[in-house]
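Database features, via Swiss-Prot:
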TOPO_DOM  1-45  topological domain 'Extracellular'
CARBOHYD  N10  N-linked glycosylation site
CARBOHYD  N24  N-linked glycosylation site
CARBOHYD  N29  N-linked glycosylation site
CARBOHYD  N34  N-linked glycosylation site
TRANSMEM  46-69  transmembrane segment
TOPO_DOM  70-82  topological domain 'Cytoplasmic'
TRANSMEM  83-104  transmembrane segment
TOPO_DOM  105-114  topological domain 'Extracellular'
TRANSMEM  115-140  transmembrane segment
DISULFID  C117-C194  disulfide bond
TOPO_DOM  141-160  topological domain 'Cytoplasmic'
TRANSMEM  161-183  transmembrane segment
TOPO_DOM  184-200  topological domain 'Extracellular'
TRANSMEM  201-223  transmembrane segment
TOPO_DOM  224-294  topological domain 'Cytoplasmic'
MOD_RES   T263  phosphothreonine
TRANSMEM  295-318  transmembrane segment
TOPO_DOM  319-325  topological domain 'Extracellular'
TRANSMEM  326-350  transmembrane segment
TOPO_DOM  351-514  topological domain 'Cytoplasmic'
LIPID     C364  S-palmitoyl cysteine
REGION    391-429  region 'Disordered'
REGION    473-514  region 'Disordered'
Amino acid sequence: MNPDLDTGHNTSAPAHWGELKDANFTGPNQTSSNSTLPQLDVTRAISVGCLGAFILFAIVGNILVILSVACNRHLRTPTNYFIVNLAIADLLLSFTDLPFSATLEVLGYWVLGRIFCDIWAAVDVLCCTASILSLCAISIDRYIGVRYSLQYPTLVTRRKAILALLSVWVLSTVISIGPLLGWKEPAPNDDKECGVTEEPFYALFSSLGSFYIPLAVILVMYCRVYIVAKRTTKNLEAGVMKEMSNSKELTLRIHSKNFHEDTLSSTKAKGHNPRSSIAVKLFKFSREKKAAKTLGIVVGMFILCWLPFFIALPLGSLFSTLKPPDAVFKVVFWLGYFNSCLNPIIYPCSSKEFKRAFMRILGCQCRGGRRRRRRRRLGACAYTYRPWTRGGSLERSQSRKDSLDDSGSCMSGSQRTLPSASPSPGYLGRGTQPPVELCAFPEWKPGALLSLPEPPGRRGRLDSGPLFTFKLLGEPESPGTEGDASNGGCDTTTDLANGQPGFKSNMPLAPGHF
C-alpha cells in the first residue's frame with residue numbers, strides 16, 4: 001500500500017535532479033564535452049541513509065526472531081508459531097516491498113513498469129493483512145491461554161496452530177488479489193506513476209478486511225483477557241480457586257527458563273493437597289498472563305502505527321475533500337512501515353527467554369550446533385551427571401558455569417568430583433547418594449567413553465545386574481580392582497587397555513549440558 005507520490009509527473013527525468021552544469025549539448029546524437037552527474041543534495045542523502053538503515057534493521061531483526069524459535073526447542077510453542085508467522089510477514093514486507101518503496105520515495109517516480117507496480121502493491125496489501133491477522137490469532141490464543149491455562153496444551157495444539165496460520169495467509173491472499181484481477185481504478189497513462197489503489201469500494205473492502213474487523217476482534221479478546229486475568233488472579237491469590245471436578249488425569253509440562261519438568265497429577269485421591277494444585281495453577285496462569293502482556297504491547301504498537309493510515313485511505317478514497325496532503329499521507333504511510341522493525345525490539349525487552357535466544361544467536365551459539373561443537377572440543381572431559389527423580393529417567397544437572405571451564409581442562413592428571421545427586425527411584429532406590437568421584441587417568445584419550453561407578457548403597461535387584469561396570473577392551477568382563485594411589489585413591493572397577501577404558505552400562509545416560 002503505497003501513496004501516489006507524484007501524480008503530476010509527466011516528464012522523462014525526475015524533477016528533483018539538480019541542474020546539469022557545464023553541459024554543452026551539440027546535437028541529439030552527440031554527448032556533452034564535459035558531462036556531470038546529477039547533484040545529490042544533503043537532504044536526499046540523509047533520506048537514503050535513514051531508509052537503508054531502517055530496511056536493514058527490519059530484515060535482521062525479524063530474522064533473529066525466526067532463528068530464536070528455530071534454535072530453541074523450549075520456544076517452539078503454538079503462541080510462538082504465531083509470532084514467527086508475524087515475523088515472516090514483516091520479513092517478506094522488508095525484502096519485497098520496502099526497498100521499492102524507498103526507491104520511489106528517493107527518485108520520485110516508479111522505474112519498474114506498470115505490471116510490477118500492480119504486483120508490488122498487491123504484495124504490500126498481502127503482508128500488511130497477514131501481519132494484523134496474525135495479531136488477531138495471537139489475541140485469541142492469549143485469551144485461551146489465560147482463560148483455560150491448564151487445558152491450554154490440549155486446546156491449542158501444534159496442528160491447530162498450523163491450520164490457523166494457513167487460514168491467515170489464505171484470507172490475506174483473498175483480500176490482496178482484487179487489484180490484480182481488475183478491481184481498481186483505470187491505470188494512469190504514465191508508467192512512472194505508481195501508488196495505492198484508490199478505487200472507493202476496494203479501499204473500503206480492504207480497510208475493513210485488513211484492519212478494522214481484525215482490530216475489533218483483538219480489542220474484544222484483550223478486554224476479556226483483562227477481565228479474566230483480574231478475576232483469576234484475585235481468586236488464586238486468595239486460595240479459593242476450586243479444583244477441577246471433571247479432570248481424571250492431567251499432564252503438566254512446565255517450562256521455566258532452561259528448566260524442564262514433567263509431572264503427573266492424578267485424580268482426586270486421598271491425601272491430595274489442594275494448596276499444591278493451586279500453586280501449580282497460579283504458576284501456569286502467571287506465565288500465560290505475562291505472555292499476554294508482552295503480546296499486548298505488540299498489538300498496541302501495531303494499532304498506533306497503522307491506524308492513521310487506515311483512517312486516511314478510505315476517507316480520501318470516498319471523499320475527495322477529505323483527502324490529506326501528500327506530505328501527511330507520506331508520514332502516516334511510512335509510520336505503518338515502521339512497525340515492521342518494532343517487534344524485534346519488543347520481544348527481547350519484554351521476554352528474558354527471547355533476550356537470551358538473541359544473545360546466543362548473535363554470539364553464533366545456536367543451541368543444537370553449540371552442543372555438537374562442545375562435544376567435539378571436549379572429547380573426554382569430565383561432566384556432571386545427576387539422576388533425575390521424575391519418571392525414572394536420568395537428567396543432566398551440571399550448571400552452566402561448571403559445564404565448561406574457561407581453561408578447557410580435561411581429565412589429564414587432574415581429579416574432578418561430581419556433586420551429590422538425587423537418585424532416580426526407578427533405578428537407584430531411595431535415599432540420597434554421597435558424591436561420586438571420577439579419578440584421573442593419565443593415559444585417558446579423547447573420545448574415550450565416560451561413565452560413573454556403581455552408586456554405593458544401592459538396593460539389590462533380582463532382575464538386573466550392576467548399573468555401571470567397566471571391562472577391558474577385547475576381554476571378557478571381570479571384577480574390578482580397588483583404586484590405588486596412582487589414580488587418586490578412588491574406588492573404581494576400572495582397568496585400562498591401550499589407554500582407553502572399557503565401558504558397559506545397563507542404564508542409559510543423559511548427556512551433560514554441552
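Note: Cβ is positioned from N, Cα and C throughout, glycine not excepted.
Swiss-Prot feature annotations superimposed on the structure.
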| residue | record | CB count, 10 Å |
| --- | --- | --- |
| C117 | disulfide bond | 22 |
| C194 | disulfide bond | 27 |
| C364 | S-palmitoyl cysteine | 9 |
Report summary line: Within the same chain, the residues 6 or more beyond the ends of the transmembrane segment (83-104) and with Cβ under 8 Å of it are 2, 5, 48, 51-52, 54-55, 58-59, 62-63, 65-66, 69, 110-112, 120, 123-124, 127-128, 130-131, 134-135, 137-138, 165, 168, 194, 295, 298, 337, 339-341, 343-344, 347
Report summary line: Once DSSP output is merged into helix, strand and coil, C194 (disulfide bond) belongs to coil
**Report entry** Averaged pLDDT, computed only over the residues in the topological domain 'Extracellular' (1-45)
**Finding:** 46
Requested in this report: May I ask for the residues of the chain that lie six or more residues beyond the topological domain 'Extracellular' (319-325) and have a Cβ under 8 Å from a Cβ within it?
Outcome: 312, 332
Query raised in the report: In the topological domain 'Extracellular' (105-114), how many residues does DSSP assign to helix, to strand and to coil?
Result: 4 helix, 0 strand, 6 coil
**Report entry** Surrounding residues of the transmembrane segment (161-183) on its own chain - C-beta under 8 Å, 6+ positions past either end
**Finding:** 78, 81-82, 85, 118-119, 121-123, 125-127, 129-130, 133-134, 137, 141, 197, 199, 201-202, 205-206, 209-210
Report task. Could you measure between C117 (disulfide bond) and C364 (S-palmitoyl cysteine) for me? Cα positions, answer in whole angstrom. Result -> 39
Query raised in the report: C364 (S-palmitoyl cysteine) to C194 (disulfide bond): how many Å between their Cα atoms?
Result: 42
Query raised in the report: Where does the residue listed as 'S-palmitoyl cysteine' sit by DSSP, helix, strand or coil?
Result: coil
Requested in this report: Kindly assign C117 (disulfide bond) to one of the three DSSP-derived states: helix, strand or coil.
Outcome: helix
Requested in this report: Just give the helix, strand and coil counts over the topological domain 'Cytoplasmic' (70-82), going by DSSP.
Outcome: 9 helix, 0 strand, 4 coil
**Report entry** the topological domain 'Extracellular' (319-325) - residue tally per DSSP class, helix then strand then coil
**Finding:** 3 helix, 0 strand, 4 coil
